[in-house]
Amino acid sequence: MLTLNLTQSSPVTFSKSTNHRYSINASSLLNPNLISRTHNQTALFNKVSTQIGALTTKVSNFGQIHGYPFGRSSRSTSQIHDSGFRRDHFDRIHGNESGFFPKSGSFITKAAASESESSPEGDASADSKPKSKTLQLALVFGLWYFQNIVFNIYNKKALNVFPFPWFLASFQLFVGSIWMLILWSLKLQPCPKISKPFIIALLGPALFHTIGHISACVSFSKVAVSFTHVIKSSEPVFSVVFSSFLGDIYPLKVWLSILPIVLGCSLAAVTEVSFNFQGLWGALISNVGFVLRNIYSKRSLQNFKEVDGLNLYGWISIISLFYLFPVAVVIEGSQWIQGYHKAIEAVGKSSTFYIWVLLSGVFYHLYNQSSYQALDEISPLTFSVGNTMKRVVVIISTVLVFRNPVRPLNALGSAIAIFGTFLYSQVTAKKAKKPEVEKQN
């Protein structure tokens, strides 16, 4: 048996790294008061340890309930949630709709997401996002409608005093081309890479765009703006007919939806006060041109999907200008100087005439640019509905500005035609969703 003899004369020393020494008398260790005090402190320490252990158990249970099954902190879980969200977002962009993750990571992501959604901060952010999105769409639609109205008003004012649609159509394409060149040179819009195959692929769509644009301008110069827009609302009829000739098959609902368009346009044409055959044929040919542009673009530009809509429209405008301006010089060039002097006499100030022509060119490009931006922000169905409502707003605005007489049957025919366009957009949107659903399944 081992024994330890402690005498009063034997000191026990404790040293620290600072080389200070503190001596304790060994006899003091046998002091009863010191031993009792030590027992009390030990009991207090055990009590505190028990409380800390109970608190740890509660935290662990809370973590298991609220998404921390492995005892991870909220910071690490939020990081896992962020990475899972980025991966899910990446999968959806690149065609993987399943968004599969590892099992535990998926559980943590969902639990953390549910916690963030249930928190006041999550509710506030979830409420603010739809509001900001709605405000953004309202701004885009408002600009789109406003710019279209301004274009139609000043384009018609310029044509009333200067009835040369070939010149105005060329000038509008010229303004759009200069606008895009400025955006590209200042790097406000990324300039697409130009290649010979890309230019060749654009020749067809640009030609049909030229035909559609000049035909609409001719129609605007001959009849009221409201009548041109009513006839242009029949564009879906030409789209269905031409696409059917090229092999596309449409269900019966689509064919039934275009019947109100034909009926409404016919009734509006018969009862139109400012009816003119050149104006009617101009609007109809414009529909043909734009429909063929859309069909031909889908076929010839399949290999250039990296070019966004605004850049594509910019290059179509540039090529269309080269198509249109030489023909405009041949057809109207000899009359431009004489027509210019008559326009100045009619307006009274040359600056007023310049402003009308300039505004028609600027807002022609701006409303087309806004339409592409709106199409990027919303679904095709919402865009079609918005385009239909835009036509209604333009018709009403131009009737109020130019005070065109409207007969009741003419108004009824216009309403039927526009309603048919709305039905067509609804039916075709549902038809387009079916292949996507089948593909996902």
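Positions of Cβ are set from backbone N, Cα and C atoms, glycine also.
Predicted, not measured: the structure shown is a model, and the values here were computed from it.
Here TrEMBL flags 135-425 as domain 'Sugar phosphate transporter'. The average per-residue pLDDT of the prediction over the domain 'Sugar phosphate transporter' (135-425) is 89, rounded to a whole number.
Per TrEMBL, the feature transmembrane segment maps to 135-154 (among others).
Summarising the annotation, TrEMBL assigns transmembrane segment to 166-186 (among others).
Under the heading transmembrane segment, TrEMBL lists 198-221 (among others). Here the transmembrane segment (198-221) has Cβ contacts under 8 Å with residues 152, 155-156, 159, 163-166, 168-169, 172-173, 192, 228, 231-232, 278-283, 285-290, 292-293, 296-297, 300-301, 303-304, 307, 315-317, 319-320, 323-324 of the same chain, all six or more residues outside its ends.
What TrEMBL records for 241-263 (among others) is transmembrane segment.
Annotation comment: TrEMBL describes 275-292 (among others) as transmembrane segment.
Counting same-chain residues at least six beyond the ends of the transmembrane segment (312-331), those with a Cβ under 8 angstroms from any Cβ of the stretch are 166-167, 169-170, 173-174, 176-177, 179-180, 183-184, 189, 192, 199, 202-203, 205-207, 209-210, 213-214, 301, 365, 368-369, 372. Per TrEMBL, the feature transmembrane segment maps to 312-331 (among others).
If one looks beyond the transmembrane segment (351-367) by at least 6 residues along the same chain, the residues whose Cβ comes under 8 Å of a Cβ in the stretch are 143-144, 147-148, 150-151, 154-155, 157-158, 161-162, 168, 171-172, 174-176, 179, 317, 343-344. As annotated by TrEMBL, transmembrane segment applies to 351-367 (among others).
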Practice item. For the transmembrane segment (241-263), find every same-chain residue at least 6 residues outside the stretch whose CB is under 8 Å from a CB in it, and list them. Key: 233-234, 288, 291-292, 295, 413, 416-417, 419-421, 423-424, 426-428, 431
